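K.L.:
Sharing a structure, written as structure tokens. Questions coming.
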């Protein structure tokens, strides 16, 4: 196997080593190309990871539905009627739409996005107050700094417990004060704090200044009866959210006598849309990085081919001698192509090492992704292999150019005395 | 060993063609030492190139050791060159980044001789031209005569049927020239067939036969009394 032929490698390194400086300059093109390719890809990956981190804990295939005011008169109802759902709707929807995986109803004190005053030992906060099902945690995960989230037992026994946001904690408690087990007062009812969650830079639908109490407790404490204000719905993985969204709206419209064309009566928010947009964005970004990187790489490899062409010209005589001594065109070609591959591969690896170093530095500087979606910027193993195979493939193709030039010169011309 | 019948060769020079060889008939037996003489433009180098399979003839027959040489592909030509022929050039044509030993071993490399055997054989031939102590030296560290001796060792290493020398002493002073000719004579004494292209009378007379070329035809072909180069060394 010629690949393990010591003499071939000896000759290749000899010719390359003979012109160290030129060899180095030649390689610079590929080194930079590889750096650019890896940095671009790595950054694109970092951004993709960053976005993923932001949305970590939020079910991507989910939507939220709430009631608004009608905008069209229908069946004798005037426009401007406020739509309020009933808790039974949850069961109806779940039964009729099997694609729904989780449905967590919610009710709010005061109107949507409104706040109520929460008291504790003379301190107050204007917070949103939600009555929630524990299942909500499967859709919008709360990062707890202390304690726990609401659970089924709280629901079953309508326990007067609550989970509060960090912002709420700051308003109601002194710095460092223990909150778990303490009571806070909402509309004259006392609730025991069982958990504190912190903002996690995610999509924060609920805000950081909020109090979560079990749905059943809410019903009893604030006499909300069978009303329900809001639904968080997780849809099966491979079902498009808009399809389910339409089904839900159709069912609700029929039930609450809303005009089928009334777009404003039911408010909804499709989470998957954002995810799809971001996925599309990062995919385009990666594709673009690859595109630029590959062309830069091509330019670098062409530079190598160029230098090899010059080398071939300089070595015309030597090649002539070799052929007179019995080197077949195949042997001559092979040597030059392997030179191209060796140069490119080595340069590529150097560039790769440098860029991976730069990426690690970038990672340690901004990689935490707290203020900017940029987490673990690094290229993946398949990406590395694809770029590498492409690079070597290109170098073979481009190496054939000087190789053919070398073979085209007939030995007699190469040996002609000056 | 070599048989040429009615060999023609012309080169295209723009619109007109230059008829260089105009029907050469020529035979070389095994063990001969032939000088091919002629002024520049007589076609002697062209003849040697055709003999060396570096160039093809337009018409005519060429048989080397019973093998007809005709319409060879580059690969086949390279293999035949390697098997049948050893080249000695005026400007030595050593590969300057290789040591003397590596230069001598090169034809063996193309014969796919294993490395160790190659080295031994190359050393053996280097010893025969008296340059064993210079084995690790690069051409730039050798004198002209030494370089030509390395080239001769290289030409012989593949044990070819015929040695082709194109002005082997053209770049050397007379003393070194005689040394080289002495070596060539000794190699011939061992039974090797050698063709020497030269335009120097004294060098030609150190061969056993002189073939005179003029304007593409052989004008004279005579056996001569060989002058031994030894006496001048």
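From the backbone N, Cα and C atoms, a Cβ is placed for every residue, glycine too.
Source: prediction; values computed, not measured.
According to TrEMBL, the transmembrane segment annotation covers A:21-42, A:288-312, A:340-361, A:381-401. Per TrEMBL, domain 'MacB-like periplasmic core' is recorded for A:23-250. Under the heading domain 'ABC3 transporter permease C-terminal', TrEMBL lists A:290-409.
Context for these features, please: burial, neighbours, distances.
P.N.:
Sequence-distant neighbours of the transmembrane segment (A:21-42) (same chain, 6+ residues past either end, Cβ-Cβ under 8 Å): 286, 288-290, 292-294, 296-301, 303-304, 307, 343-344, 346-348, 350-352, 354-356, 358-359, 362, 377-379, 383, 387, 391.
Restricting the average to the domain 'ABC3 transporter permease C-terminal' (A:290-409) gives a pLDDT of 84.
Sequence-distant contacts of the transmembrane segment (A:340-361) (same chain, at least 6 residues past either end, Cβ-Cβ under 8 Å): 12-13, 16, 23, 26-35, 37-39, 42-43, 46, 300-301, 304-305, 308, 377-379, 384, 387-388, 391-392, 394-396, 398-399, 402-403.
Sequence-distant contacts of the transmembrane segment (A:381-401) (same chain, at least 6 residues past either end, Cβ-Cβ under 8 Å): 30, 34, 37-38, 41, 45, 290, 293-294, 297-298, 301-302, 304-305, 308-309, 333, 336-341, 343-345, 348, 352.
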K.L.:
By DSSP assignment, list the helix, strand and coil residue numbers for the domain 'ABC3 transporter permease C-terminal' (A:290-409), in that order.
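P.N.:
Taking each residue of the domain 'ABC3 transporter permease C-terminal' (A:290-409) in turn, the totals are 100 helix, 0 strand, 20 coil.
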